[in-house]
Amino acid sequence: MAALLASLPLPSSSPRFRCCEDSLRHGRAAPPGWFPERAPVAVPGTVPRPRRIILVRHGESEGNVDESVYTRVPDPRIGLTARGWQEAKACGVRIRDLVSGDGADDWKVYFYVSPYRRTLETLRGIGLAFKPSRIAGVREEPRLREQDFGNFQDREKMRIEKDIRLRYGRFFYRFPNGESAADVYDRITGFRETLRADIDIGRFQPPGEQSPNMNIVIVSHGLTLRVFLMRWYKWTVEQYEGLHNLDNGGMLVMQTGSGGRYSLLVHHSVEELRAFGLMEAMLDDQMWQKTAKPGELNYNLWINGPPFFGHF
């Protein structure tokens, strides 16, 4: 297992050259000259959807306990604390227990991970809970990176900027030389389309081995994961701004319901989702998602029709 996870590079490691597609596949590197694009393409709708999309926030980082680290270490190179490593390992055990609890013999996990050091280290900690045969693949995905707050950060200036952000609005405020949450939304939109295409064509398993017992794990950052959920479920800016960060090493599970769509209410309780920040209209939509089929639309969602104009 250690040898398998050691192939994931940290930002400071020596460069390695490999195909831009999956860096790991069934516990071994992809053979030279192998290109997934040349594999037979499945017809969308004929490949089983992964059972879950599990969102994981990285474990506690050095920057989470000491903000002065950002003044001397580039954000992408900030690593986990000892506590963060333990949180990552514990998260891996929770994920393994969850996906193995279905009772299927052929379950596997496929990882997408932000290229920041703290997320790569979190993935290593998570991976210790799995045998190599259970890991279908790993893809480093730069679009899952943290919101860009600028380069080396001045602590006092950042305190002022964050105060201004509260007055301006958390979604639209752009940090100098950095990003707004709206900018993150734009790149997450591109990642979402990639993920949906991967799901439709069965990227995670070769022909003949496709199973509904695949599970996707996305290891990223607090704001990025909230924006991902906003984009996936088409939440409004107001709804986004009511959400809270996951704890370090925390996870949120999007699981297929009886109709095949992903709903947060299949795994989580209403109380858990309220604590995360979901409003009543969002909970109503999650209840609809539990039984709806892919391709169906929730015409009763308040932003989709006449209820939007209820104040007239």
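Glycine too: its Cβ is placed from the backbone N, Cα and C atoms.
According to TrEMBL:
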type     : residues                                                               : note
ACT_SITE : His58                                                                  : active site, tele-phosphohistidine intermediate
ACT_SITE : Glu146                                                                 : active site, proton donor/acceptor
BINDING  : Arg57, His58, Gly59, Glu60, Ser61, Glu62, Gly63, Asn64, Arg118, Lys157 : substrate binding site
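Feature map: TrEMBL annotations on the structure.
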residue	record	Cβ contacts under 8 Å, 6 or more apart
Arg57	substrate binding site	Ser220, His221, Gly222, Leu225, Asn245, Leu246, Asp247, Asn248, Gly249, Gly250, Met251
His58	active site, tele-phosphohistidine intermediate	Leu80, Gly84, Ala88, Ser114, Tyr116, Arg118, Thr119, Glu121, Thr122, Val219, Ser220, His221, Asn248, Gly249
Gly59	substrate binding site	Leu80, Thr81, Arg83, Gly84, Trp85, Gln86, Glu87, Ala88, Cys91, Arg118, Glu121, Thr122, Gly125, Asn248, Gly249
Ser61	substrate binding site	Ile78, Gly79, Leu80, Thr81, Gly84, Arg118, Asn248
Gly63	substrate binding site	Val69, Tyr70, Val73, Asp75, Ile78, Arg118
Glu146	active site, proton donor/acceptor	Asp75, Ser114, Tyr116, Ser220, His221, Leu223, Thr224
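Its Cβ taken as reference, Arg118 (substrate binding site) is surrounded by 29 other Cβ atoms within 10 Å in the chains shown.
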